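Q: Below, the features straight out of Swiss-Prot:
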- ALA65, GLY66, LEU67, ASP68, LYS69, THR89, ASN149, ASN182, LYS227, THR255, GLY278, GLY307, TYR328, THR329: FMN binding site (BINDING)
- LYS69, ASN114, ARG115, LEU116, GLY117, PHE118, ASN182, ASN187, ASN256, THR257: substrate binding site (BINDING)
- SER185: active site, nucleophile (ACT_SITE)
Amino acid sequence: MSLLPYALARPFLFGLDPETAHELTMASLARTQGTLLSAAYCSSKVSDPIELAGLKFSNRVGLAAGLDKNARCIDGLAAMGFGFVEVGTVTPKAQPGNPKPRMFRLPEANALINRLGFNNDGLDAFLANVRKSAVRQKNAKNALLLGLNIGKNAATPIENAVDDYLICLDGVYPHADYVTVNISSPNTKNLRALQSDEALDALLGRIAERRETLAGRHGKRVPIFVKIAPDLDDAQVAVIATTLKRHAMDGVVATNTTLSRDAVKGLRHAEEAGGLSGAPVLEASNRVIGQLRAALGKGFPIIGVGGVMSGLDAVSKIKAGADVVQIYTGLIYKGPALVAEAANSIKNSR
């Protein structure tokens, strides 16, 4: 979608409830992908390849998980010029998420607050959608590097969370270019407790063991990334970095949404519960990225996400220590033109 059509569509979309606007956009994208109408969303892809974790990224800008929770729009999203796309978060069983309203715009801050709670159609429906996407077929002309993001059901006790992650890992493994283990959403009760020292060590130990089994079964070793929060102190980041390396994780996604409201105090909806995304997260996310890079060294892949609203923001993530970046809230505020803007800015910054 070019800048002008999105500029025309945005007032209409922003006149709707945020979740209604999201559902309408995704339904439209799902219906039109692969047709002439999908040209409205298309953007020429910037070529800026990089290899990370044995994967070849066609450029340095990807879509963050959360926009396409059910993998319904993979083909349409691929046409926007992303170097990679991450879909999910998927849980073993379908679940409705938290009560509505659960998504709020803070336009003065180019931000969103959501407390969706991993609403999704479940693993079986998710995998069916992945399998039928055109860009995932063998010998597809426009093959897409695809990440599949996994989580736990809200009804699963936190002490049994590993069971949900293993169920999802078993299911997504044959279909993923990489898998992201989401332990940082603030909208599933106690989920972030999995970032603590002992809990993370136990979880990643089990995931690493299962990955070895799956690698033997499927004849390929799929990289595993772990998505963490921005609301971590220096000591917590250091422990996470050590644990990632101990269990031979392949990369880290930094970061998820924040619980902090320091940057949006006094704004309408600022006190709504949930995770804050968009421009106010940029600084906190970059801080964590920098700490991770210092702790992990040069060769460990970092996907930077949080607050990318412009090409300059994308470059700031790379300078902080990320190898590639992801966008989500920026796409809502700026439209699909942000993909090429960010990718070109990164390419031209070197």
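Glycine too: its Cβ is placed from the backbone N, Cα and C atoms.
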Q: Between ALA65 (FMN binding site) and ARG115 (substrate binding site), what C-alpha distance do you get in Å?
A: 15
Q: Please report how many Å separate the Cα atom of LYS227 (FMN binding site) from that of ASN182 (substrate binding site), as a whole number.
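A: Approximately 5 Å lies between the Cα of LYS227 (FMN binding site) and that of ASN182 (substrate binding site).
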Q: Between C-alpha atoms, which of these binding-site residues comes nearest to ASN149 (FMN binding site): ARG115, GLY117, ASN182, ASN256?
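A: Nearest listed residue in space: ASN182.
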Q: To the nearest whole angstrom, what is the C-alpha distance linking LEU67 (FMN binding site) and ARG115 (substrate binding site)?
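A: Cα to Cα, LEU67 (FMN binding site) and ARG115 (substrate binding site) are separated by 14 Å.
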Q: Expressed to the nearest Å, what is the distance separating SER185 (active site, nucleophile) and GLY117 (substrate binding site) at their Cα atoms?
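A: The Cα atom of SER185 (active site, nucleophile) is 8 Å away from the Cα atom of GLY117 (substrate binding site).
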Q: Just name the winner among ALA65, LEU67 (the binding-site residues) by count of other CB atoms within 10 A of its CB.
A: ALA65
Q: Sort ASN182 (substrate binding site) into helix, strand or coil using the DSSP assignment.
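A: In three-state terms, ASN182 (substrate binding site) counts as strand.
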Q: Are there any residues at least 6 positions away along the chain from ARG115 (substrate binding site) with a Cβ closer than 8 Å to its Cβ? List them or say none.
A: ASN98, ARG102, MET103, PRO186, ASN187, GLU272, ALA273, GLY274, GLY275
Q: If you compare CA-to-CA distances from ASN182 (substrate binding site) to each of the binding-site residues LYS69, GLY278, TYR328, which comes out shortest?
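A: For ASN182 (substrate binding site), the closest Cα among LYS69, GLY278, TYR328 is found at LYS69.
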Q: What other residues of this chain sit with their CB within 8 A of the center of the CB atoms of LYS69, ASN114, ARG115, LEU116, GLY117, PHE118, ASN182, ASN187, ASN256, THR257, the recorded substrate site?
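A: After dropping the recorded site residues, what remains is GLY66, THR89, GLY97, SER185, PRO186, THR188, GLY274, GLY275.
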